[in-house]
Every structure is written in structure tokens, then in C-alpha cells.
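Report on one structure; see the data block that follows.
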Amino acid sequence: MAESWSFLDTFEPDFRPLVVIELAKGAKEETIEWFTKRVVDKKANGGAQLLVKPLVTENGDENIYLVGASHLRLLLGAETVGLVKECNDNSMRTFTYSSRKTFKDFADDNHNFLTMAESQYIIKHELENLRAKDEKIIPGYPQAKLYPGKSIVRRLLTSGILVQIFPLHDREELKKLRHSWYGRVKVGYQPLDEIRCYFGETIALYFGFLEYFTFALIPMAVIGIPYYVFAWEDYDKYVMFATFNLLWSTVILEVWKRICAIMTYRWGTLLMKRQFEEPRPGFHGVLGINPITGREEPVYSSIKRQIRIYLVSVPFVCLCLYFSLYVMMIYFDLEQWALDYHEENESNFSSLMLFVPSIIYAVVIEIMNRIYRYAAEFLTSWENHRLESSYQNHLILKVLVFNFLNCFASLFYIAFVLFDMKLLRQSLATLLITSQILNQFAESLLPYWLQKRQKKRLKKRMCSLKTDTDLSLVEQVNLEREMGTYFGTFDDYLELFLQFGYVSLFSCVYPLAAVFAVLNNITEIYSDALKMCRVYKRPFAEPTANIGVWQLAFETMSVISVVTNCILIGMSPQVNALFPDSKMDLMLTVALVEHLLLAIKFIMAFVIPDKPRDIQIKLAKLEFESLEALKQQQMKLAAESLKE
């Protein structure tokens with residue numbers, strides 16, 4: 001294969017490998033030749049018009065290929081995917097090749113006009129849009145069926161012929177990013193623009209939200225420390241803390257929308273048009289015609305999908321929720337046993353035993369959350385959603401409902417059934433701290449340790465490699481292909497969502513919750529940065545304009561926190577003393593205050609604009625210019641038709 005693609009050297013002398021394609025070791029020669037030909041073939045012939053070179057490995061039986069593209073091809077691809085770049089007049093506009101001279105820093109010989117992450121995103125887009133034409137099967141594999149319009153890469157993946165596709169790291173840029181990001185301990189902001197240039201907008205937005213949320217927690221932490229130090233048992237004083245909590249949870253989410261709009265406008269993704277969404281890789285059904293696109297694609301009955309959701313998925317989720325409540329009641333039995341043991345013995349050991357049930361329960365919660373996550377992914381995939389967005393929404397809904405009940409049901413039970421504020425404080429502290437320790441270990445420390453071991457073994461093997469090939473490139477590819485795959489920001493946002501719940505729902509009885517959250521998030525920033533740069537393969541950049549459905553999830557949690565904190569305030573002795581004769585008056589007053597606070601919350605959400613005024617003006621100006629350009633084009637066409 002090395003000789004058959006040698007002509008590519010003359011086609012692009014400065015070949016820059018951007019993406020790695022790894023095919024199965026036993027992949028048939030005719031399959032490899034067919035696939036690589038489709039990758040390099042011209043767009044007019046149904047190819048991707050990219051550049052491919054084989055990577056010569058130590059034993060020669062690895063089917064690994066490096067993919068790149070010419071500068072012209074990347075520029076045309078940037079127009080295809082709708083990338084937005086900064087113009088010479090400092091405005092942000094969708095890139096077009098015909099108007100390339102109007103964009104800042106553009107030059108025909110400037111190959112850095114597009115970032116490496118943008119170039120890799122373009123290549124990924126082109127590979128994923130390689131579609132079958134007249135082929136009925138993948139050559140060499142009669143069982144791997146194709147039909148016109150089917151994604152070739154997705155079929156190769158599901159058939160096991162294609163092992164993985166991943167973007168290469170830029171070692172020099174990564175070294176600079178590591179140094180400015182986590183190479184030294186400092187008090188300051190993260191290099192979000194550099195993170196965006198290297199990893200893309202989705203990951204940069206996550207780290208931006210993590211940083212913002214950490215700073216937003218500081219006022220809660222500062223106020224919480226004196227409450228903890230000077231009023232440990234005096235719950236009356238927590239009324240003011242709970243009131244502040246209500247306003248805080250609303251304001252921070254509204255301000256985040258504005259900060260998010262500022263960042264994504266600067267990065268160009270706020271202006272990107274949402275493309276027509278293709279069917280997700282796992283979607284299957286009988287071959288039919290899409291009435292919108294006219295393409296052949298699988299068709300699956302929505303009635304069958306609804307039956308699967310409501311007759312299988314919903315009952316399964318309800319069964320899991322019941323099991324979670326059953327485990328919770330076992331936890332309370334253990335709490336009672338520990339309390340009885342302490343009352344009988346009254347020793348230091350018995351005092352420590354009081355915390356054991358909460359620690360065990362926190363560990364069990366984490367285990368149940370992870371097991372349920374796999375079940376939820378299987379069920380959501382089995383439901384056979386056509387679009388990736390629909391799949392993600394159903395998955396997130398399943399996971400959030402279970403995680404919310406699993407993590408917070410015991411706290412609600414203690415607060416509003418047992419009315420035990422001391423046990424609530426103890427359980428909240430134990431659940432929060434234990435979950436943070438377990439997450440840090442499972443998500444960062446363990447993968448980093450395993451990756452270090454793998455890297456040492458691979459380096460020993462590479463030392464014995466004797467070949468004329470560029471050793472550094474071979475070593476880099478082999479190191480990165482063995483790294484773990486980063487599956488996105490889902491788990492990271494879920495961890496922040498649960499942390500937000502611990503802080504906003506019940507922190508008035510344990511003010512140090514915000515303090516521990518701040519400390520955890522500071523270490524989380526460094527550990528997540530470490531795993532992105534050292535533990536996982538480089539993920540493909542994914543343009544995005546916001547944090548998606550997670551914004552709604554956080555806002556829903558803040559609404560629940562209003563209700564929770566109002567009830568906690570109503571339960572306080574200080575408020576109860578105002579209604580000594582009538583509990584009904586107390587309940588009605590609490591309900592009235594709760595409704596007023598919710599009204600204030602929604603008014604604030606309406607009054608505070610999601611986008612700053614200057615960005616609104618810039619967006620309106622661009623829309624006006626687009627309409628004017630469309631009018632000019634229509635007038636030109638009309639004038640030409642009149643001449644004819």
C-alpha cells in the first residue's frame with residue numbers, strides 16, 4: 001500500500017498529518033484500497049478529496065493511515081461547514097472562499113489561517129459525509145450492506161472494519177497550552193481562547209462554565225464560613241443565608257448566559273447556522289425515502305419507538321427509582337443502628353461509627369449511578385432515535401431523573417419527614433465530600449495512572465524499533481492510539497449539576513457546602529486539564545453556541561431550590577414563632593412567599609437579556625446586511641431575466 005499512494009507526495013509536498021484512521025489488522029486489501037480511494041477521490045466523483053498516507057509500523061501488519069488536506073481543500077471545507085471568522089473590520093462573518101481576502105490574517109501562503117482544530121473538524125465532516133453511491137456492499141465483506149446515501153465511515157465502524165478515527169495532537173502547541181493552563185499553580189483565569197483554539201468550542205465552554213461556577217460559589221463560601229463558625233446549632237440565623245441562596249441561584253445562571261454569548265460571539269459559533277441533522281450512526285430501519293431531503297435512508301415507525309419508550313423504558317426507570325428508594329430505607333436502618341450503638345457505648349469509636357452509614361451510602365449511590373448510566377445508554381439506543389439530539393435529550397432526561405432521586409431523596413426525607421436538621425447536615429456533608437473524592441479518583445487519578453503505565457510499556461517497545469520512518473511520528477501515533485477516548489462533557493456537566501443541587505437545595509443547614517464545592521472545583525480544573533492533555537486522545541472540535549440542555553437542567557434545579565429553601569425557612573423556629581396559634585397561616589404565608597420568589601425569579605430571567613446590547617446590535621446588523629445582499633441578488637436576477 002505504501003507504493004500505491006506515493007503519488008500523493010507530488011500532489012502535496014508539505015503533507016501535514018491531521019487525522020489518524022486505524023483499520024482492523026485483518027482488513028482485506030480490496031476493502032482498504034476501495035476506502036482510501038474514496039477518501040482521496042474528487043468531490044465530483046463522490047470522494048472527500050483529502051490526502052492519505054500509510055504509516056509504516058514496527059511489525060508492518062498495522063493498517064494505520066494519516067489523513068491531511070491541501071490548503072485550498074481546507075478553505076473550501078471551511079465554507080461548507082459554515083465556519084465564522086473575524087473580518088478586517090473586526091466583525092464576525094461566515095467564511096466564504098470568494099471573499100477570503102476580507103478576513104483578518106488571511107493570505108494565500110498563510111496556512112495557519114485555520115486552526116488545527118478547525119482543520120481536523122473539516123476533515124471529520126468530510127469523512128462522515130462519504131456516502132455510498134451504487135455500492136450494495138463493502139468490497140470484501142458481503143455481509144456489510146450498503147445503500148445509496150449511507151455513510152461509509154459509519155458502516156465501517158459498525159462492521160468492525162474501521163477501529164477508530166482520531167485527530168493528532170500538535171505537540172508544540174500542546175506543550176505551550178499545558179504550561180499556561182496547569183503547568184504552574186496560579187490564581188487567575190484559564191486560557192479559554194487557547195483551549196478553544198486547541199480543543200474546540202464545546203470543551204472550552206465546559207471549562208469556561210466550570211471556572212465561572214467556581215467564582216460564583218465564592219460569595220456563598222465567604223458568607224457560609226462565619227455562619228458555620230459562629231452559629232453551628234442556631235438554625236434561626238440561617239433564614240438570611242437561605243434567602244441569599246434564592247437570589248444567588250437565579251442571578252448566576254442569567255449572568256452566565258450573557259458571558260456565554262460574549263465568548264461564543266468572539267469564537268464565531270454564535271453566528272453559525274444549524275445544519276440539517278443527519279441520522280445518527282446507530283439508527284436503523286427499513287430503507288425508505290426522506291420526504292425532506294429526497295435521500296434514501298432507514299425509516300422507523302414513530303409508533304414503535306413510542307411503544308418502546310412508554311412500555312419498556314418508563315417502567316424500567318420507575319423500577320430503578322423504586323430500588324433507589326428501597327436502598328435509601330436500608331441506609332436509614334443503618335443510621336438507626338449506628339445511633340443506638342453510640343448511645344450504648346458513648347466512645348470515640350462509636351462517634352466515628354455515626355458517619356459510617358452515610359459514607360457507605362455515598363459509595364453505593366456512586367456505584368448505582370454508574371450502573372444505571374450504562375442501562376440508560378442501552379435503553380436509549382434500543383429506542384432507536386433518528387437524530388443525535390433526540391438521543392441525547394432522552395438519555396440526559398433518564399440520567400438526571402435517576403441521579404436526582406438517588407442523590408437527594410434521602411436529604412428530602414430527612415428534612416421534610418424526619419425534621420432532623422442535625423442528621424441532614426451530617427448526611428449532606430458526607431454525601432458531598434465522599435462523592436467529590438470518588439469522582440476525582442475515578443475520572444482523573446486512575447486514568448492518569450493507567451495511561452502512565454501504558455506509556456512506559458510502549459516506550460520500551462519503541463526503543464527496539466529499527467526503521468527509516470520518522471520515529472517521532474510513529475511513536476506519537478502509537479502513543480495516542482492506545483490512549484483512552486474522551487466521550488464528551490456529559491459526565492463533567494452531570495457532576496457540576498449534582499454539586500449545584502447540594503449547594504442550592506440544602507446548604508442553609510450546612511453552609512460549608514459551598515466551601516467544599518469551591519475547593520473541589522479548583523482541583524477539578526487542574527485534574528480535568530491534565531486528563532485532556534495527558535490521558536485522553538485529542539477529541540474532535542465541535543462548534544457550539546451554548547451549554548445546551550444543561551442550561552435548562554440547572555435552571556430547573558434552581559426552581560426546585562426556591563421551593564426547598566422556602567420550606568426550610570418556614571420550618572425554622574424563628575418563623576414559627578410568628579405564627580404561634582395557626583399552622584395553616586404559616587403554610588399559606590410560606591406558599592405565598594414561595595410564589596412571589598418564583599415570580600421574581602422569572603421576572604429577573606426576563607429582564608436580564610441573554611445577550612449584551614452590543615452583541616444584539618452586531619447580530620441585528622449582520623442580519624440586515626444579509627437581507628440587503630439577498631435583495632440585491634434577487635434584483636440582479638430579475639434584471640437579467642428582463643433583458644432576456
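Placed from the backbone N, Cα and C atoms, the Cβ positions cover glycine too.
TrEMBL does not curate its annotations; it predicts them automatically.
Taken from TrEMBL, the feature domain 'Anoctamin transmembrane' applies to 195-621.
As annotated by TrEMBL, transmembrane segment applies to 212-232 (among others). Long-range contacts of the transmembrane segment (212-232) within its own chain (CB-CB distance under 8 A, at least 6 residues past either end) are made by residues 238, 241, 244-245, 248, 252, 255-256, 259, 496, 500, 503, 507, 510-515, 517-518, 521-522, 525.
The transmembrane segment annotation in TrEMBL covers 238-256 (among others).
Here TrEMBL flags 309-332 (among others) as transmembrane segment.
The transmembrane segment feature in TrEMBL is assigned to 352-372 (among others).
Sequence-remote contacts of a segment are chain residues at least 6 beyond its ends whose Cβ falls under 8 Å from one of its Cβ atoms, and for the transmembrane segment (395-416) they are 313, 317, 320-321, 324-325, 328, 331-332, 361, 365, 368-369, 372-373, 376-377, 379-380, 423-424, 427-428, 431, 435, 490, 494, 497-498, 501-502, 505-506, 509, 549-550, 553, 564, 567-568, 571. The transmembrane segment annotation in TrEMBL covers 395-416 (among others).
Residues or ranges marked as transmembrane segment in TrEMBL: 496-519 (among others).
Among the features that TrEMBL reports, transmembrane segment is placed at 586-608 (among others).
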Annotated stretches the transmembrane segment (496-519) and the transmembrane segment (238-256) touching (3 or more Cβ pairs under 8 Å): yes
Chain residues in Cβ proximity to the transmembrane segment (352-372) (below 8 Å; excluding those fewer than six residues from its ends, i.e. six or more beyond): 320, 324, 327-328, 331, 334-335, 337-339, 341-342, 399, 402-403, 406-407, 410, 426-427, 430-431, 434-435, 438-439, 442
Intrachain neighbours beyond the transmembrane segment (586-608), with Cβ under 8 angstroms and 6 or more residues off its ends: 246, 250-251, 254-255, 257-258, 555, 558-559, 562-563, 566-567, 569-570, 575-576, 578-579
